[in-house]
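Annotated features in TrEMBL:
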type     : residues : note
TRANSMEM : 25-44    : transmembrane segment
TRANSMEM : 75-97    : transmembrane segment
TRANSMEM : 109-132  : transmembrane segment
DOMAIN   : 125-194  : domain 'Connexin cysteine-rich'
TRANSMEM : 171-192  : transmembrane segment
Amino acid sequence: MSLNYIKNFYEGCLRPPTVIGQFHTLFFGSVRMFFLGVLGFAVYGNEALHFSCDPDRRELNLYCYNQFRPITPQVFWALQLVTVLVPGAVFHLYAACKNIDQEEILQRPIYTVFYIISVLLRIILEVIAFWLQSHLFGFQVHPLYMCDASALEKTFNITKCMVPEHFEKTIFLSAMYTFTVITLLLCVAEIFEILCRRLGYLTNQ
């Protein structure tokens, strides 16, 4: 029986009850994860090694880099992807345990409401992630970062630091913002599709 639950959960995650939901899964799973996993590592993989300040001392470089990046972009975006997946995963786990068919989700009002709530939670989490990303990383990466290193050593005071590949990082940031906006639009469109199909079921009855 447990294997059947796993099979239903797996199929539910891969084949949501809506067409837009299935496209969202394809977009989310293929494009966004590939972009982050492959290109994200290429752009940000060695950032800490090439981040240098004046004077070029290891402890100063590390101190200023931690100030420049309170959290690394790869970790933030990985946490974002996992967090956004949670509402849908919880719903499909519930559906698998109850042996709910995917078509049945849009036919029974209580299941439809639960599914819409999971989509709304995805929207809320994406909006929060967008806001956090804008506050942590901004919308543009500048070539110079002014680091306040006075806490490390008073002689340093304000230190200039060079940010490697700043233009590439700006492009990557813009792409991640774009992915978030596209995901939000897909979620909103999915809710409209659910409501339209639900209205169609009621009309046919």
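Here, residue 1 is simply the first one shown, and the rest follow in order.
Note that Cβ sites are derived from N, Cα and C of the backbone, with glycine treated the same way.
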How does the model score the domain 'Connexin cysteine-rich' (125-194) in terms of mean pLDDT?
86
What is the number of residues in the domain 'Connexin cysteine-rich' (125-194) that are helix, strand and coil, as DSSP sees it?
42 helix, 10 strand, 18 coil
